[in-house]
Amino acid sequence: MVNPTVFFDIAVDGEPLGRVSFELFADKVPKTAENFRALSTGEKGFGYKGSCFHRIIPGFMCQGGDFTRHNGTGGKSIYGEKFEDENFLLKHTGPGILSMANAGPNTNGSQFFICTAKTEWLDGKHVVFGRVKEGMSIVEAMEHFGSENGKTSKKITIANCGQL
């Protein structure tokens, strides 16, 4: 089985920044990977296209995926509002790791974050389900629009997304 690859075309205040592609670890966390894949294609009638990265902290991570409220309080999974932590086999080993944001145990929806550093304190709390395959330089460029409290100086959006 080949792990799926999805892409995000990132824009800054409506201007194209570039493409980031992700390998989704369907071999280790199939349910979590399938949620992200389907939200990237929009095949269920909802998903990431047009949503923003509402929280970017340089030297830590870029967080997005709230396509219902756009502020970090919303989002939903393809399985209903929330789903369980599938497993914690994969670790937050460094830049480029793709992991689920949550509000405590078994509260995965659609929010995710891309690590820009090793974040081992998140191991066992957040489900790692993918990695940046290409376009880490775009993620690094996104960091410049973040701040210590996570507020972004410009609107960073997923202008387009899908499966490769």
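From the backbone N, Cα and C atoms, a Cβ is placed for every residue, glycine too.
Look at Swiss-Prot and you will find Met1 tagged as N-acetylmethionine. Contacts of Met1 (N-acetylmethionine) defined by a Cβ separation under 8 A and a same-chain sequence distance of 6+ are given as Ala26, Asp27, in order along the sequence.
What Swiss-Prot records for Val2 is N-acetylvaline. Annotation note: Val2 (N-acetylvaline) sits in a coil segment as assigned by DSSP.
For 7-163, the entry in Swiss-Prot reads domain 'PPIase cyclophilin-type', with the evidence type sequence analysis.
Positions annotated as N6-acetyllysine by Swiss-Prot: Lys28 (among others). Around Lys28 (N6-acetyllysine), the same-chain residues at least 6 positions away in sequence with a Cβ under 8 Å from its Cβ are Asn87, Leu89, Leu90, Phe129.
Residues or ranges marked as ubiquitin cross-link in Swiss-Prot (evidence: similarity to another entry): Lys28.
Annotated SUMO2 cross-link per Swiss-Prot: Lys28 (among others), in sequence order, evidence recorded as similarity to another entry.
Annotation note: Lys44 (N6-acetyllysine) sits in a coil segment as assigned by DSSP. Sequence annotations record features per position, and here Swiss-Prot assigns N6-acetyllysine to Lys44 (among others) based on similarity to another entry.
The N6-acetyllysine feature in Swiss-Prot is assigned to Lys76 (among others); the stated evidence is similarity to another entry. According to its DSSP assignment, Lys76 (N6-acetyllysine) is coil.
Same-chain residues at least 6 positions away in sequence with a Cβ under 8 Å from that of Ser77 (phosphoserine) are, in sequence order, Asn35, Leu39, Phe83, Asn108, Gly109, Ser110. Look at Swiss-Prot and you will find Ser77 tagged as phosphoserine, backed by similarity to another entry.
Counting every protein chain shown, the Cβ of Lys82 (N6-acetyllysine) has 15 other Cβ atoms within 10 Å. As annotated by Swiss-Prot, N6-acetyllysine applies to Lys82 (among others), with the evidence given as similarity to another entry.
Summarising the annotation, Swiss-Prot assigns SUMO2 cross-link to Lys82 (among others).
In sequence order, Lys118, Glu120 are the residues of the chain that are 6 or more apart from Thr93 (phosphothreonine) and have a CB within less than 8 Å of its CB. According to Swiss-Prot, the phosphothreonine annotation covers Thr93, on the basis of similarity to another entry.
The annotation N-linked glycosylation site is assigned in Swiss-Prot to Asn108. Other Cβ atoms within 10 Å of the Cβ of Asn108 (N-linked glycosylation site) number 26 in total over all chains.
Its own atom aside, the Cβ of Lys125 (N6-acetyllysine) has 14 Cβ atoms within 10 angstroms in the protein chains shown. Sequence annotations record features per position, and here Swiss-Prot assigns N6-acetyllysine to Lys125 (among others) based on similarity to another entry.
Summarising the annotation, Swiss-Prot assigns N6-acetyllysine to Lys133 (among others) and lists similarity to another entry as the type of evidence. Reduced to three states, the DSSP call for Lys133 (N6-acetyllysine) is strand.
Within the set of modified residues (Lys44, Lys76, Lys133), the lowest number of other Cβ atoms found within 10 Å of a Cβ is recorded at Lys44.
Of all the modified residues in the record (Val2, Lys44, Lys76, Lys125, Lys133), the one with the smallest CA separation from Lys82 (N6-acetyllysine) is Lys76. Take the Cα of Lys76 (N6-acetyllysine) and measure to each of the modified residues Val2, Lys44, Lys125, Lys133: the nearest one is Lys44. Regional average pLDDT for the domain 'PPIase cyclophilin-type' (7-163) in the model is 98. Lys125 (N6-acetyllysine) falls within neither a helix nor a strand when secondary structure is assigned with DSSP, and so counts as coil.
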